[in-house]
């Protein structure tokens, strides 16, 4: 219990970073009258002069400030239960890479692909490790939903050719896991019990 209470600030900072990143993305989209959720990719916001600073800055800062969350996950896990900590750390480094390497450059696509694959892997591995718990099953459902969203997009079951909607869906599922679904989630069952004490 002492281990979790010492890592709680790291979990809270990481969760706030995840929420802040999504808010930065939404803010960039709001100030871009040209942006279409159905026709564009989120990364298009990272190359336009008026939206690049909040979009890329949000990803860079979000990635940096989310890293402590990986430490909290590491401390909460044992053995294979620590795999989500490693995949989470790699996912937020990749997320920062999306901001560091804007669309059109050779490193942008690998960073974006790595982020979405690692985010999904983090939720799936956590879910498999905690399969007997509600949180574990919810993590698996979130990972499955993310894959389903991309499968629908690939099958052209979508409102338009843009990547923004499936990208946002994946980001929101991951943020929900960080904030409320992971073993150290500040708003998860264990986090709520700690706050109530």
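Each residue, glycine too, has its Cβ placed from N, Cα and C.
According to TrEMBL, the features are:
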type     : residues : note
TRANSMEM : 12-35    : transmembrane segment
TRANSMEM : 55-74    : transmembrane segment
TRANSMEM : 83-101   : transmembrane segment
TRANSMEM : 107-125  : transmembrane segment
TRANSMEM : 137-156  : transmembrane segment
TRANSMEM : 168-188  : transmembrane segment
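Residues of the same chain lying 6 or more positions beyond the ends of the transmembrane segment (55-74) and with a Cβ under 8 Å from any Cβ of it are 7-11, 13-18, 20-21, 23-25, 27-28, 42, 45-46, 82, 84-86, 88-89, 92-100, 102, 178, 182-184.
Per-stretch counts of Cβ pairs under 8 Å to the transmembrane segment (137-156) identify 168-188 as the leading one among 83-101, 107-125, 168-188.
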